[in-house]
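If you look up TrEMBL, you'll see B:69-282 marked as domain 'ABC transmembrane type-1'. Per TrEMBL, the feature transmembrane segment maps to B:12-39, B:73-94, B:106-126, B:158-180, B:200-223, B:230-250, B:256-279.
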Amino acid sequence: MKTLSRRHFLQLSGMGAAGVALAACAVPVPATDGMAAMEPVHLQANIAFTQADYGLQYQTIEKWRDLFEDTHEGITVELAFVDWSEHHNKMLVLAAANELPDFIEVQASRSLLWIIEGVFLDIDGYAAADPGFDMDDFFEGVMGYYRWDGKTFALPYDHGPINLGFNKTLFEERGIATPTDDWTFDDLRAAAVAFAQEEDTWGFSGMPRSWLLEPSYLTPWGASLFNEDETECTIDSEEAIAALQWWVDLRFVDEAIPNSAQSEVLATAGGDFVSGKVAMTTVAPWTAPTWNALADFEWDVAAWPAGPVTRSTAGLGSGYGITKDTEHPEAAWEWLAWMTSAEGLAFVWAASGASTPPRKSVFDVYFSAPGIAPNSQAFLDAMDNYMQIGRPVSPYGAEFTAIRNREMDLINNGLKPVAEAVADMKNDGDPILAKNRELYGS
Amino acid sequence: MTNRERREALEFYLGISPWLIGLVCFTGGPILASLAISFTQWRLLSPPKWLGIQNYIDMFQDEGTRVSLGNTLFYTGLSVPLGLVTSLFVALLLNQRARGSTLFRTLFYLPTITSGVAMALLWLWLLNPEFGLINLALGLIGIKGPAWLQDPDWAKPALVLMSLWTIGTSMVIFLAGLQGMPQHLYDAAKIDGANQLREFWHVTVPMLTPTIFFVMVTSIIASFQTFTNVYVMTEGGPGWSTLMYGLYLYNNAFEYLRMGFASAMAWGLFLVILALTILQLLGARRWVYYEGGIRGRI
């Protein structure tokens, strides 16, 4: 990575929004390894953004790009911003047409699929040859999404774990002890049931679902969704049935979780929690700006409770990778390293509080960002200690999700007994997952 | 051919060339490409592999295809007749020379030009089992409304109910048909002593059969392709009860990366619609009346 002069950095920082710029100024400039001079190179980079979540984040990325071009003579980067909701499909179409740009964004849950299908360049060699780039600074729990077969193919730029968000005002009003970082699910149930005694108030919102299912809802009970290489569904175990039944009971026996129709009515742009009638729910770092803007009560975050067996929760985020057919791998590496360096992550993401960083060294910048969750330390603790990958991540995992969603829908709506639903999930899901064996050669 | 005729022909082809080029390149090309893709396994991120007719064989064994086709047939079977009757009824009402009928025509047509996503979100509220207006109205007459989209048994009927919201296009077509009715037939019927019901049954309906036939064919095709409402409102749930063919096809193409299988599904859908349309064309000989045409020939 090339040197960025402090003058350049401050000039550009001054152009940004005050909050972002102030935080960014505190960040040291990237180290240099004295990259050899290159022929003029023009890179194409595709970046996804969500206006609702990140405001004018893309302007910050453009500034960071300008700074890159100022400090990397001969390399220009053309940024193409794609709306988050369309990004995956657009990349698929570009891939199908052999028109992928040099550098693309990828969501963690789909990254292994793209890696196994051979879209990305192995970057370990470039990282090893770049002494200014600290690979060990990334949280190990995050890198699982971007490594395959012992090699690294992409790098994260944001990553957030799921924790327990709670309405502090409601807890204090009812005189119920607020959640702490050593809570278990028994504590959660006791509090949730206490809240449910009053009409029009719910103890918790959310049921086992999507990519949270395994790490946040099954692993704490010692259960799993798949075997290690996702060639077999293992949700029919006694532990998994006990875990899912626990949540079904909390909803239908204790009536502490609103049903879908009730949630729909409570829901606002910030979800049903913002209504002020729900005591606890799941929270991710990227939820904080919305809740801060919409909630008219005090809220806070605690660690996701521990289950009978362990404490575990899901984490998800996004990353960037270099496409394998790029004609400019060296320049693309420079850009990737620039975007995922501690300085880049601080400038673009952490300083604005948009998302928790995947690098340990950047958390100090995140902690001083405006609008982050009150107890953001809980996110750092999760990333450091008990955050797991949300599966499926395998190539045929997406096909399995159709079966998973079908059965979880029925479980969560009380329309099918848990044991019957998980048996059907396994029966219908295993033939799909078995196709992964061809890819793994097992 | 004279010079003038030659020039006119040239002008004609130049005039239609933008559409013709568009059809060949941007519609015909992809249609043919999808046929070729349907014989491959293509995960989009890697080159396609030739599979022969395997995708078509898999279609018959695939549970998702079976369920989604069943759901789509159920939806079509209910929504098309109901939509036909309702839109004809509304068109008959709006065909009266009453004050404000123009305003009502506009109001009935408005939902048709409303964004599909906005409409879906609106209906999510209307169909909410606890606080939705539909169950509120049912409650007023002593009926406890079902859970609609949260109940696998009621989710499809809820979508059928919602489909009535967009009868505007059919209504306008029926209205045009009604306004083109020759007055002398009604005069003759009156002289023969026909009341309004008989006029409707023996004059309006027979004269309107070509319009009814057209609306029926296009409505069936459209209902087989229903997508936005289930994509936004239910994602196929609960428990695949609203998994429509179009949504399952889309999921196979872009979520499960089975583009070859999705292409085979698209051709399967084409064949189903083609077969149904041919059946309707054959059946039409028995009941569609074309004034000035020979009975039995269409």
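Every residue, even glycine, has its Cβ placed from backbone N, Cα and C.
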Does the transmembrane segment (B:200-223) come near the transmembrane segment (B:12-39), with 3+ Cβ pairs under 8 Å (pairs 6 or more apart)?
no
Before we move on, state whether the transmembrane segment (B:158-180) and the transmembrane segment (B:256-279) share at least 3 Cβ pairs under 8 Å, counting only pairs 6 or more apart in sequence.
no
Beyond the flanks of the transmembrane segment (B:106-126) by 6 or more, those residues with Cβ under 8 Å of it:
90, 94, 132-134, 149, 162, 165-169, 171-172, 228-229, 232-233
